[in-house]
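These notes are about the structure you will find just below.
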Amino acid sequence: MVDEDCKNEVEVMDNGEGVIEVDEWSERVASPPEKKKDSVEESSAPPPPSSKNGQLSKQGSLTILRRSSSRTLSGRGPRNSSQSDVDAADAVDLLQDALPAVDTPESCEKAALRLRALLRHLQEGEVAVGVLQKNLQYAADVLDSIYVEETKSETTKDRAITISLGPPTKKGRRPPLSAVALASRRHVGDEEDELSEVEPDAVPQEVREWLASTFTRQLNTSRRKTDEKPRFRSVANAIRAGIFVERIYRRLSSATFLQLPPEVTRILKSVDEWNFDVWRLQEASANTPLRCLAYELLNRYGLLHKFKMPPATLETFLTQVENGYCKYKNPYHNNVHAADVLQTMHYMLSQTGLMNWLNDVEILATLVAALIHDFEHTGTTNNFHVMSGSETAILYNDRAVLENHHICAAFRLLRAEEHNVLVNLSREEYREFRGLVIEMVLATDMSSHFQQIKAMKAMLALQDTSLDKSKALSLVLHCCDISHPSKNWVLHERWTTQLLEEFFRQGDKERELGLPYSPLCDRNNTLVAESQIGFIDFIVDPSLGVCGDLLDKVAALSVPPSTPTIAEEPHNEPGGPIKRPVRPGGVVGVEVRRPWQDCLAANKARWKERAMKDAEIRAEMALRNEKVNGESGEGEGDGPEDTIEEEEGEGAKGEASNEENGE
């Protein structure tokens, strides 16, 4: 049973899992218990006469309530504080500025009284925000001072410190312990979590030094001996607190961001496959494949947490990017194409070991470059802009017209506060990010294709073990951009149909403007199969071949990071975290699997079959036209007045047929 005098404290700490002593607050926050334990903690000092049920009387110290049972008190009615607590709380002036220093024993009593007063006023709804903030800050400073005091002396490791507020009484009893002493005793007993049980010897010295330097305070080092080290238990507490805060952050982030439909989550489980079907993702996501995929990948690589991207800002940014891809309603250069390139880039990063060669900023830049590489594409080629004299061509002086626009429009979008997901990047990180994105997107200009391939071949031929990262990543993005012929036939054929329709629409515009047709843009005179065979033989296959050689060299040069990276942190998302492949540095002869080779060969064979069939169909149509034209000529030659001989008539029919075909 709980005495009436301690109901106020019980109400504060009762959370459905028993009565928790106040000085276990930091333990409770850092690591919520997973199971209930029946334990009774007794003070080594005899309680004063006025103590009841483990509650110390309020004689210059913070009232502490010991854990008494694991039983819940949820069935009880509302609890009212005792008259003494009410009187003390009412007597507190929350607006008073003259408060004792936070490192004095009196501060504990003042903080406790003010917290009770705040609780009472909050129940009545009479506390101003400024007053609440001021008093909570004071209480937090007091608790912080207690923590600093307890870590100053190593003697608190094995015994409790008894701090008296006055001389012993006649009966040999001292006044109640202050909060400093009680808080020091907290660390004497074993803590109820797994991390605190880790033996210091089980952790490598290098890791221990990193943990100590990162997660513990550097306390007055001049007073410490050179061989003294921070207690590992304190480091463990700091880590637990950090993990708890991180869990809350992730939970809040996932709650405030979009909730993916179950079908989208299921489809994203196969995002690591080369032949990922982005069209299925489009259907399941209600035509938002880019937004869903971009969030999934940024989260799986740990970039949302690493760069502290605000969830609402990220959602707004991704929505605007997707809208930009849908601006001109292009059959090919749209949000689905952007999602396809982004997923292919993810495959190159995660399945070939490329990510092991990059730092976090470079991974972020690589994914964002794939995300925005065709942002606000007009559905026409650079040549069309130049020939038609568009405003975009004039703005960028006929040089990489569309690519410059993609970059400019994307960074203009990022400059807006409501879209700036890069707000927490340092100045150096942002410059590195921007420079890499610009170079990668500019390299998607097809006019620089052969120059780019030639330069990479020359770089790979050198014996030098170093590689230019920006050049390498630019080639990878370029290959991802033109990779649809290297996917399975179902995907490739659909992409080909969409691309040709976009070309034909440009041809229609060129006809209206009186411009000559660009290659493959004439609806009536385009050899689809032959064009795809040429595209595979002269563009895609050689490009992916060089890209494969590049990835082989990167895999041989890659050295696993010395410390775990953000990409290896635990996630609860569909695909799980990205694991950096572990390969020893300097390995010679490492070969990356190339799934595109089989698809390229199979697709090329299919196009050859279709080309043969198309040729047969064209031959039959030519014969049919010739026959029709011949019959037409023969009909004109028949008649009662026709005196031309049969052989001469047949010769005339052939000449007429040839003339018509020539026209």
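Glycine is treated like the rest: Cβ placed from N, Cα and C.
TrEMBL does not curate its annotations; it predicts them automatically.
Values in this document were obtained by computation on a predicted structure and should not be read as measured data.
Straight from TrEMBL, the features:
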REGION    1-86  region 'Disordered'
COMPBIAS  1-10  compositional bias 'Basic and acidic residues'
COMPBIAS  60-86  compositional bias 'Low complexity'
DOMAIN    256-614  domain 'PDEase'
BINDING   HIS333, ASN334, ASN335, VAL336, HIS337, ASP374, ASP481, GLN532  AMP binding site
ACT_SITE  HIS333  active site, proton donor
BINDING   HIS337, HIS373, ASP374, ASP481  Zn(2+) 1 binding site
BINDING   ASP374  Zn(2+) 2 binding site
REGION    562-583  region 'Disordered'
COMPBIAS  574-583  compositional bias 'Low complexity'
REGION    622-663  region 'Disordered'
COMPBIAS  633-649  compositional bias 'Acidic residues'
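Features as recorded by TrEMBL, highlighted on the structure.
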{"residue": "HIS333", "record": "AMP binding site", "DSSP class": "coil"}
{"residue": "HIS373", "record": "Zn(2+) 1 binding site", "DSSP class": "coil"}
{"residue": "ASP481", "record": "AMP binding site", "DSSP class": "helix"}
{"residue": "GLN532", "record": "AMP binding site", "DSSP class": "helix"}
Quick check: with HIS337, HIS373, ASP374, ASP481 left out, which same-chain residues have Cβ atoms within 8 Å of the centroid of the Zn(2+) 1 site Cβ atoms?
HIS333, ALA338, VAL341, ALA370, HIS377, THR444
For HIS337 (AMP binding site), the number of other Cβ atoms found within 10 Å of its own Cβ
24
So of HIS333, HIS373, which of the binding-site residues has the fewest other Cβ atoms within 10 Å around its own Cβ?
HIS333
Just to verify a number: CA distance, ASN334 (AMP binding site) to HIS373 (Zn(2+) 1 binding site), in angstrom, no decimals.
11
Roughly how many Å lie between the Cα atoms of ASP481 (AMP binding site) and HIS373 (Zn(2+) 1 binding site), rounded to a whole value?
9
Give me the count of other Cβ atoms within 10 A of the Cβ belonging to VAL336 (AMP binding site).
23
Maximal Cα-Cα distance (Å) across residues annotated as binding AMP, namely HIS333, ASN334, ASN335, VAL336, HIS337, ASP374, ASP481, GLN532
23
Give me the Cα-Cα distance between GLN532 (AMP binding site) and HIS373 (Zn(2+) 1 binding site), rounded to a whole Å.
23
Give me the CA-CA distance between ASN335 (AMP binding site) and HIS373 (Zn(2+) 1 binding site), in Å, as a whole number.
11
In sequence order, which residues at least six apart in the same chain have a CB under 8 Å from the CB of ASP374 (AMP binding site)?
TYR325, HIS333, HIS337, ALA338, VAL341, LEU402, HIS406, THR444, ASP481
All-chain count of other Cβ atoms within 10 Å of ASP481 (AMP binding site):
22
Integer Å value for the Cα distance linking VAL336 (AMP binding site) with HIS373 (Zn(2+) 1 binding site) is 13
Mean pLDDT, the domain 'PDEase' (256-614)?
92
